Amino acid sequence: MSSFPAPVLGTPLSPSATRVMLLGSGELGKEVIIALQRLGVEVIAVDRYADAPGHQVAHRAHVVSMTDPAALRAVIEQERPHIIVPEIEAIATDLLVELEQEGVARVTPTARAARLTMNREGIRRLAAETLGLPTSPYQFVDTQDALQQAIDGGIGYPCVIKPVMSSSGKGQSVIRGPGDLDAAWRYAQEGGRVGGGRAIVEGFIDFDYEITLLTVRARGVDGQIETHFCDPIGHKQVDGDYVESWQPHPMSPAALARAREIALGVTGNLGGLGIFGVELFVAGDQVWFSEVSPRPHDTGMVTMITQVQNEFELHARALLGLPVDTALRQPGASSVIYGGLDGRGVTFHGVAQALAEPGTDVRLFGKPEAFVKRRMGVGLAVADTLDAAREKARRVSAAVSVKAA
């Protein structure tokens, strides 16, 4: 029997409160906040812009540049959270390591996990070189000349280039031949979170499909840390950004076992408590590691309609030391609702039509400003088959239109 003490949760806005601070308060953070509040947790939401989705539901909100260590330390010392939950990559992660070492707060899953995964180089070297996991062939490059040398030296065409620090497909493109090189390098320099700089170039893998395997490290009733797996999530990406996802994606027993083995290896090394989005390429029974996020994953929004506990509830329970249940309820799918225009205070039309079909749901994120390719919501659907669920989810998202106020 573990000596780990059973979790005790306090009363929000009182001296006994269990305080959790989210660093990043977008649509994923918003759902984590709601899940935490349902367990009586006092939540502080931090983001770089005002009125972020998570700001709208938290007990308190702060606008802070999270890459500024001094500003971030000041707000953490002001609020004194028990647990810090990084919900985005663009954070002063060296500060999180310091705070964890100082005993100021516990970082979920760990400060090391946040630091390694904010940078594609850190997590790729851990996976491929330390853990020996199968990945695509890759090199890291600092200049366009180095990019050309990497391609000529074995990466070959076609290949993919990504900034080492970016998200949602920003700066990512496919290089199909020498004629694409100039534009791809410029785009990678523009798309990085810290401006121009280092990039990863990856050789193509001839895969059949890619999945997200949501992997949860949580304490059981005996206090021991256990690893749980959600059913695999298939997804479609356009320009590196998710547009639809579905669950469960069919896999051979051998491929599923290998996927879980890879996910167990990388999440076990990163450690801590919480959910991880492990991205994998699959061809037949072969599986390659792609990336991992130590937090809920955008493709996992489908779990809001498919699982007994969605990915946000799983993360909330796990980080609080509570048991989890990753069981699937019914096959389902998600489909993104884009802004389609640039503007503030937009309005959403067709929501009643979107929800008229049984087995559907809509989440509107409440972002204060729309952009043409910004995710403003998601359509959700369940059905007896994956094909039917995907078609239904597409109908839901297509029914919702975004208009200027």
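These residue numbers are counts, starting from 1, taken along the chain as shown.
Placement of Cβ uses the backbone N, Cα and C atoms for every residue, glycine included.
Source: prediction; values computed, not measured.
In the three-state DSSP assignment, the secondary structure recorded for E87 (N(1)-(5-phospho-beta-D-ribosyl)glycinamide binding site) is coil. Every protein chain considered, the tally of other Cβ atoms within 10 Å of the Cβ of E87 (N(1)-(5-phospho-beta-D-ribosyl)glycinamide binding site) stands at 26. Here Swiss-Prot flags E27, L28, E87, D298, K367, R374, R375 as N(1)-(5-phospho-beta-D-ribosyl)glycinamide binding site, drawing on sequence analysis.
Cβ neighbours of G171 (ATP binding site) (same chain, under 8 Å, six or more residues apart in sequence): I161, K162, P163, Y187, A188, Q189, E190, G191, G192, A199. According to Swiss-Prot, the ATP binding site annotation covers R120, K162, S167, S168, G169, K170, G171, Q172, E202, G203, F204, I205, E210.
The domain 'ATP-grasp' annotation in Swiss-Prot covers 125-320, and the record cites sequence analysis as its basis.
What Swiss-Prot records for E279, E291 is Mg(2+) binding site. E279 (Mg(2+) binding site) carries a strand DSSP state (E or B). Neighbour list (E279 (Mg(2+) binding site), Cβ cut-off 8 Å, at least 6 residues apart, same chain): E210, I211, T212, F289, S290, E291, V292, S293, H297.
Mean pLDDT of the predicted structure over the domain 'ATP-grasp' (125-320): 95. With respect to their backbone Cα atoms, K367 (N(1)-(5-phospho-beta-D-ribosyl)glycinamide binding site) and S167 (ATP binding site) stand 18 Å from each other. Sequence-distant contacts (6 or more apart, same chain, Cβ under 8 Å) of E202 (ATP binding site) comprise S136, P137, Y138, I155, C159, V160, I161, K162. In the structure shown, across all protein chains, D298 is the one of the binding-site residues E291, D298 with the greatest number of other Cβ atoms within 10 Å.
Residue pair G169 (ATP binding site) / D298 (N(1)-(5-phospho-beta-D-ribosyl)glycinamide binding site) shows a Cα separation of 12 Å. Cα separation, E87 (N(1)-(5-phospho-beta-D-ribosyl)glycinamide binding site) to F204 (ATP binding site), rounded: 29 Å.
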